[in-house]
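Taking it in order: structure first as structure tokens, then the write-up.
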Amino acid sequence: MRLNNKVALITGAARGIGLGFAQAFAAEGAKVIIADIDIARATTSAAAIGPAAKAVKLDVTDLAQIDAVVKAVDEEFGGIDILVNNAAIFDMAPINGITEESYERVFDINLKGPMFMMKAVSNVMIARARGGKIINMASQAGRRGEALVTLYCASKAAIISATQSAALALVKHGINVNAIAPGVVDGEHWEVVDAHFAKWEGLKPGEKKAAVAKSVPIGRFATPDDIKGLAVFLASADSDYILAQTYNVDGGNWMS
């Protein structure tokens with residue numbers, strides 16, 4: 001098993017991509033901490049995985065809570081080997097329609113949270129002197145601007161840049177930092193995304209989702225199962241010589 005006895009802390013892991021990663025990491029032998037603001041759902045998800053998983057409540061916008069959770073995990077499990085910054089929110093508005101409230105919320109969750117998670121966890125990794133792996137979740141939205149997705153695109157572009165800077169700063173401590181940029185991923189959140197598009201583009205419910213799926217060269221949305229294999233690879237020793245990269249998992253939407 002590629003992650004045997006590793007300790008993995010995953011934010012936003014009660015559902016969706018984060019939960020898929022938690023399940024995959026546990027199957028590879030890791031001890032998994034499902035950190036999510038929705039503690040009830042996180043607890044249910046951890047119980048379904050079994051004794052290899054533990055749920056903790058975490059609001060990534062609360063810096064004191066970040067420090068407390070990281071400290072508690074470090075003390076209970078004897079370190080943290082893997083961090084996945086997955087917690088994020090979506091927002092939709094053109095530049096002339098954004099609000100200060102939306103700006104602060106998107107960047108607090110999508111950028112500030114991951115930045116300070118990296119700070120707290122990397123300091124634990126450095127203190128334990130056994131290296132580690134950090135995986136940040138970017139997006140195809142961070143590769144290019146989209147007229148109606150101003151704040152989300154900007155926050156995910158910033159994650160790609162932050163990944164590169166963190167990677168260069170932490171490599172001397174044996175810590176590899178990389179990112180994954182998924183394309184369109186099916187899940188509960190698409191009901192919200194579809195509703196946003198219906199509002200801004202005057203579409204019927206479900207119309208945008210169908211059009212987006214059709215536009216993907218592979219011809220469908222991704223699922224967490226399409227992404228988890230790359231996450232396991234980046235969390236394992238197989239990726240020891242990979243640094244500061246952002247991997248597209250988008251069905252061919254973005255070619256590099």
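Note that Cβ sites are derived from N, Cα and C of the backbone, with glycine treated the same way.
Going by Swiss-Prot, these are the annotated features:
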- Arg15, Gly16, Ile17, Asp36, Asp59, Val60, Asn86, Tyr152, Lys156: NAD(+) binding site (BINDING)
- Tyr152: active site, proton acceptor (ACT_SITE)
Spatial neighbours of Asn86 (NAD(+) binding site) that are distant in sequence (at least 6 apart) but have CB under 8 A: Ile10, Thr11, Gly12, Ala13, Ile17, Gly18, Phe21, Met137
Cβ contacts of Arg15 (NAD(+) binding site) (under 8 Å, same chain, 6 or more positions away): Asp38, Arg41, Ser45, Gly187, Glu188
C-beta crowding around Ile17 (NAD(+) binding site), within 10 angstroms: 27
Spatial separation of the residue listed as 'active site, proton acceptor' from Asp59 (NAD(+) binding site) - C-alpha basis, Å: 19
Sequence-distant neighbours of Lys156 (NAD(+) binding site) in its chain (C-beta under 8 A, six or more apart): Asn110, Ala138, Ser139, Ala141, Gly142, Ala181
Recorded positions compared (Asp59, Tyr152) - highest count of Cβ atoms within 10 Å: Tyr152
